[in-house]
Amino acid sequence: MKISIKLGMWFFFCILVIEIFSMFFLHNNLVHSQVHQELGSLQARGNSHRSVLEINSDSATLHHIGLMESHTDTEVVITNTTGDVLLSSSKLNQSMRTILNKPIDNLPRNGRVLQSDWQKEQYIATVTAFNKGGEKAGYVYMFKNTDEVQKLISQLNKHFLLASVLILLFMIITIFFLSKALTKPLISMKEATKKLSKGDFSVTLPPPSRDELGELAQSIQTLANDLNYLKQERNEFLASISHELRTPLTYIKGYADIAKRKELAESDRDKYLDIIQEEADHVSRLLKELFDLAKLDQNTFSISKQKVNLSDFLQSILEKVLPAFNEKKILFKLECSRNLTFDLDPIRFEQVLLNLLDNNLKYSKENTCVHIKVFEGNEAIHMVITDQGIGIPEKDLPHIFDRLYRVDKSRSRATGGFGLGLAIVKELVEAHGGEISAESEAGKGTCFKIFLNK
Ligand SMILES: Nc1ncnc2c1ncn2[C@@H]1O[C@H](COP(=O)(O)OP(=O)(O)OP(=O)(O)O)[C@@H](O)[C@H]1O
Ligand SMILES: [Mg+2]
């Protein structure tokens, strides 16, 4: 069943129950107070007759009272204490007699209601006693035909029915629009996720509202954008890989063809076979590094952190690379306070620094300097590695952390990297909960900044 219908029905039944209860309550109260009022005024009328009778109860007064009541919708019957009728404003009928025969005891001064059932009986009635010379002399019975009350109440019922129907109608219309408005974003999100699951990531949801549904829409939009980006990246990545593999394979095939020639001198053949071996090594190294990166990407590798003294740690790494830097006459400057410690995975982090230093070495000219500065900020440890190398052009800077991205696209023998070093560095730094960024100026040098959150 559609969610809008489900929601609408829930609303409808809940409000219907509330409406029925409140209408019932209101109706009951109104009817009750109406009947109460009728009985009150009937009793008051009886009491005023009593007051007159207590002043004077001769036949002229009785006649006068009878005359007064004959022009109203109420009736009066006056009896003496033994039950003989002294006056009746109309002819007594059976239901009046039944009421007159009811026993009366402990009657309060202001009388009492004798018959209040307006639904079943023909009359509602009250009784009041009147005295003469301090002695009880008789009773004043007041009657009112219930037809009047019933007519009044049926009028009231009609009003109630009309109001109920109107409210119901209004409710249905409101619920219809409300449930549509509530479920519209849900439905568009459902459509969007359906599209996503079919592999179509070009999803655009209407601008999100500032509530939970809006947040959900926002998340779906972000997911769609991310998937779209990943899809593009994967395509580009596959294109770069096939490009990367094509070059060495072309070499291998070409040199293999030449090496097969019978008339070739043995020394030339060896030279070609060496090239083939070199290229094959290159391919297998590339595949190994890609595989390592794929493992990093799946987050299946674990980082085992331990407290490391950064100064000692950096020193030990520098010692490993120093010979290569010395050979190229590149100077090192390390700035790190002696007692700075941090929790990191020494093996993984050594890989980070070796990759960065490898770049420094590869992309710097002779007689330059590489400066490593480590210091403690308020929230993070900062590592800044600056070189005076060839720098990175501005347009390439945003891409250098992408896989297989190299500024110099030709795979020169001198620097022949894969363009994977920085991608691995980024994965590892992020696995440590840190961030890495680069600044550079072509021809002047490059600066890599690592933030490791404490
Ligand atoms: N310190 C640097 N100075 C100048 N250019 C740099 C520097 N570091 C990186 N680059 C540029 O960024 C590119 C990407 O670097 P990355 O380390 O990912 O790949 P690579 O060094 O070419 O190959 P690999 O590290 O996989 O052997 C490099 O090809 C280079 O053009
Ligand atoms: Mg590199």
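From the backbone N, Cα and C atoms, a Cβ is placed for every residue, glycine too.
What TrEMBL records for 7-26, 160-179 is transmembrane segment. Annotation source TrEMBL lists domain 'HAMP' at 180-232. Positions annotated as domain 'Histidine kinase' by TrEMBL: 240-454.
The average pLDDT computed for the domain 'HAMP' (180-232) is 88. Within the chain, the transmembrane segment (7-26) has long-range Cβ neighbours (under 8 A, six or more residues past its boundaries) at 160, 163-164, 167-168, 171-172, 175-176, 178-179, 182-183.
Counting same-chain residues at least six beyond the ends of the transmembrane segment (160-179), those with a Cβ under 8 angstroms from any Cβ of the stretch are 4-5, 7-8, 11-12, 15-16, 19, 23, 26-27. Per DSSP, the domain 'HAMP' (180-232) is made up of 39 helix, 0 strand, 14 coil.
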